[in-house]
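**Student:** Supplied in structure tokens, the structure appears directly below.
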Amino acid sequence: MTFHYPNGQPYLNNEVPQSKKQATRPKATTLFGKRGMSLEEELNDSNQYYRSQSMAVVYKKPTPIQIVKVDYPARSQAVIKEAYFKQASTTDYNGIYQGHYLDFEAKETKNKTAFPFRNFHQHQIEHFRACLQQGGICFVIMKFVPLQRLFLLPASELITRWDAQADGARKSIPLEIVIKQGYEINYQLNPTIPYLSAVDQLIAYQVKRSN
């Protein structure tokens, strides 16, 4: 079956089967995460750990697919021959943690000094805005790849900076702002990305501000 991205380019699946991934992972874990894993894989690994420990129930949202070609070799069978990935309409992850609804994005950049807004889309900003209005805990997990540094940035800060673009503000968030307004997350053994500790700080801050 052939998959295509929204721009028409074919999707090439370069993923290693899960059984092989587990077999080739290094036994030693470093403070820089698991070698060869993307931020998404690290988060999926961490969420699986959180679920196994009954700490939180968080999943990555599946990417919508539009089927364009189906073959029917038999009446009772249908084989998808061609499909396209639709552009996701919301964010990457959502779930429940201690009675709180979590909704967040995971983004990486190779920039050392700022996080470009081109990594985000307007529909994601509007989704964050709507979730915040309903009392959700919304944020972005940002990774500065060259620095191997991770941060949780509240969605409210992202929205403020995003909206300021209309008044001529810069089209990125400086690292010093991310450090000041966000919460740094340090890699560890299990979970790989212990982001719930940063979520606890964000919740405590929001409760304090509302009182």
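Yeah, the Cβs are placed from backbone N, Cα and C, and that goes for glycine too.
According to TrEMBL, the record shows the following:
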{"type": "BINDING", "residues": "Thr90, Asp92, Glu105, Gln124", "note": "Mg(2+) binding site"}
{"type": "COMPBIAS", "residues": "10-21", "note": "compositional bias 'Polar residues'"}
{"type": "REGION", "residues": "1-25", "note": "region 'Disordered'"}
{"type": "SITE", "residues": "Lys107", "note": "site 'Transition state stabilizer'"}
**Student:** Taking each of the binding-site residues Thr90, Gln124 in turn and counting other Cβ atoms within 10 Å of its Cβ, which one has the fewest?
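**Tutor:** Counting other Cβ atoms within 10 Å of each of the binding-site residues Thr90, Gln124 gives the minimum at Thr90.
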**Student:** In the structure shown, which of the binding-site residues Asp92, Glu105 has the fewest other Cβ atoms within 10 Å?
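**Tutor:** Per-residue Cβ counts within 10 Å for the binding-site residues Asp92, Glu105 bottom out at Asp92.
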